[in-house]
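S.K.: Encoded as structure tokens, here's the structure I'll be asking about.
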């Protein structure tokens with residue numbers, strides 16, 4: 001994921017700048033190579049590769065001010081020569097190049113080489129550059145919180161001061177002695193005294209662009225009543241400010257509303273009624289044009305007057321595709337735009353119609369335009385291939401010599417000196433080993449199979465190769481791939497990531513290995529930004545809910561464990577223990593079984609019988625006879641009662 005983010009960031013932040021007259025356009029590729037395009041022919045006029053283009057890449061560009069040509073005495077008219085052209089180019093031939101290491105390079109268009117280098121100033125990356133057209137000074141700001149005023153003639157630091165607590169991202173010169181710098185807030189400085197005059201607030205993110213608008217006649221000497229524009233990252237609002245040091249108001253006077261975040265801005269003042277014309281390039285590749293006269297404060301943001309875009313015509317079976325606009329500059333009444341990609345850009349001057357709010361230019365798809373070369377002028381000759389040789393395509397294997405046809409014998413007999421030691425020993429030995437038959441080499445490596453599958457669009461063959469789970473096999477296959485198969489493989493992997501999620505783990509291994517090995521090559525293709533950005537958005541959306549789902553899973557596990565604990569019956573530990581002795585009370589009907597084992601008389605009954613014997617001894621003989629008769633009658637009644645009870649039970653049954 002980090003590699004993917006780095007590739008996208010490098011591809012989206014490539015610096016590009018037009019000359020003041022719109023004749024040239026300088027562009028720095030992600031690998032640090034400087035290219036100067038001629039806007040009239042859309043061809044590369046110059047190309048320069050700095051010695052430290054990989055370690056200190058270009059971060060910003062700024063064309064130098066126009067220099068007046070030296071006055072020469074009038075002579076006879078003669079034919080215009082190349083020296084005259086170079087003299088005209090020297091009016092605007094210096095380009096300041098800020099690097100990520102903190103150094104500043106001054107490139108000469110006439111010499112096509114680095115003229116001088118400004119170093120020992122910044123310790124971190126240079127973010128913006130600004131020229132003083134009157135005095136020839138150069139201002140620079142960096143991530144080290146400092147602003148430096150350079151003397152270009154001596155390549156030395158003239159003044160240096162700390163302009164912010166954080167990084168300084170943008171700057172512009174609003175007068176000869178006043179400078180505007182921007183980090184998260186905008187500050188107005190007096191260059192001579194290094195005094196902070198005023199601070200403007202209104203953006204929540206880093207401000208990457210400041211543009212001055214000198215509408216008053218005395219704006220070159222004093223910043224009062226001067227206007228300037230500001231644009232911030234991830235903000236689709238462009239604010240307009242008015243400088244008034246005597247007022248305590250820090251808010252903007254008006255704002256311009258864009259449909260998307262702007263990437264490049266250009267502004268100019270029309271001669272009639274001081275109308276400001278603003279041109280902004282959005283992140284999706286559209287140009288938005290505003291026309292407004294700054295004459296007071298507005299409550300609502302202004303909407304664009306014209307929306308300009310470029311697209312293909314489209315065929316019967318396909319829809320029109322948008323062609324991104326990379327940069328734009330206002331040139332008089334026209335707008336100079338560059339669309340397509342910087343590998344083969346197309347420069348075009350467009351005159352828009354303010355009455356039509358949406359204008360679409362139909363152009364050819366730059367991806368389908370092929371370079372036509374004259375074969376008669378080509379110096380490349382096709383080599384003669386022997387009929388005896390075996391050719392395998394694509395040619396990834398080392399070339400082998402021609403093999404003999406089976407059955408044909410060589411006329412020359414091999415001598416002993418031509419034989420190897422093994423062949424000599426085999427010839428001397430009695431048991432001659434059987435010689436294996438020679439077979440042609442097999443072209444079945446994974447790199448070759450993958451290349452053939454990408455060329456023939458064979459999904460089954462590609463699927464067999466991409467399903468390899470060994471990381472070592474994947475790395476060796478990616479290293480052996482030809483350069484022509486890298487871009488189709490990225491497109492195939494990106495399309496497969498949007499299909500089934502079961503094979504995503506294996507596809508991610510291929511993507512990680514491909515980005516790790518071929519990152520420098522992929523950074524040279526701005527067209528890959530679209531594929532990689534959709535892939536990054538898809539991966540980000542899939543992993544965005546992972547943390548929330550993990551927390552939800554933990555909560556659900558906690559709730560389910562509590563529910564299952566409540567549903568289970570409570571088992572007492574006492575019930576599980578078996579008693580040593582248990583007494584069970586039974587009914588009266590079953591007491592007869594226990595009477596046999598119980599004692600017949602207790603101690604109290606014995607005592608009662610003893611007292612009865614004493615009483616009988618005290619009684620008279622007549623009383624004893626009466627007691628015996630009563631006892632006999634009681635015994636008869638007890639004998640009759642069980643019988644009666646038994647008869648009643650029989651009758652009830």
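Glycine is treated like the rest: Cβ placed from N, Cα and C.
Marked as region 'Disordered' by TrEMBL: 65-89, 394-415, 586-653. Marked as compositional bias 'Basic residues' by TrEMBL: 68-80. Here TrEMBL flags 90-171 as domain 'Anaphase-promoting complex subunit 4-like WD40'. Per TrEMBL, the feature repeat 'WD' maps to 119-160. For 458-560, the entry in TrEMBL reads domain 'Small-subunit processome Utp12'. Here TrEMBL flags 603-616, 625-653 as compositional bias 'Acidic residues'.
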S.K.: Reported in the order helix, strand, coil, what are the DSSP residue counts of the repeat 'WD' (119-160)?
M.R.: 0 helix, 23 strand, 19 coil
S.K.: So which residues does the repeat 'WD' (119-160) touch in its own chain, when a touch means Cβ under 8 Å and the partner is 6 or more beyond its ends?
M.R.: 59-66, 96, 98-104, 106, 166-173, 176, 179, 181, 189, 191, 194, 220
S.K.: Over the span of the domain 'Small-subunit processome Utp12' (458-560), count residues by DSSP class, listing helix, strand and coil in order.
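M.R.: So the counts come to 83 helix, 0 strand, 20 coil.
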S.K.: To what whole number does the mean pLDDT across the domain 'Small-subunit processome Utp12' (458-560) round?
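M.R.: Result for the domain 'Small-subunit processome Utp12' (458-560): average pLDDT 82.
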